[in-house]
Amino acid sequence: MFTLKKPLLLLVFLGMISLSLCQDERGADEDDGGEMTEEEKRGAFGNLLKGVAKKAGLKILSIAQCKLSGTC
């Protein structure tokens, strides 16, 4: 039981630090008045997700083409 206390305490401590940093940054954004809209957030994440999905799809297609043609 004693061996689990230190890592668990460390995880809780790091989680609290990251949470407080997020809250500080959120508060700074609200003070500036330059708040990012929900559409901008989704647009940035959507573009990243599309890029990753496109690369993964191309990789899967190239592997399938290789296996079907027997050139692997």
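Just so you know, glycine gets a Cβ as well, placed from its N, Cα and C.
Given the structure is predicted, the values throughout are model-derived calculations rather than measurements.
The signal peptide annotation in Swiss-Prot covers 1-22 and is backed by sequence analysis.
Around CYS72 (disulfide bond), a 10 Å sphere centred on its CB holds 8 further CB atoms from the protein chains shown. Among the features that Swiss-Prot reports, disulfide bond is placed at CYS66-CYS72, with the record citing an author's statement.
In three-state terms derived from DSSP, CYS66 (disulfide bond) belongs to a helical segment.
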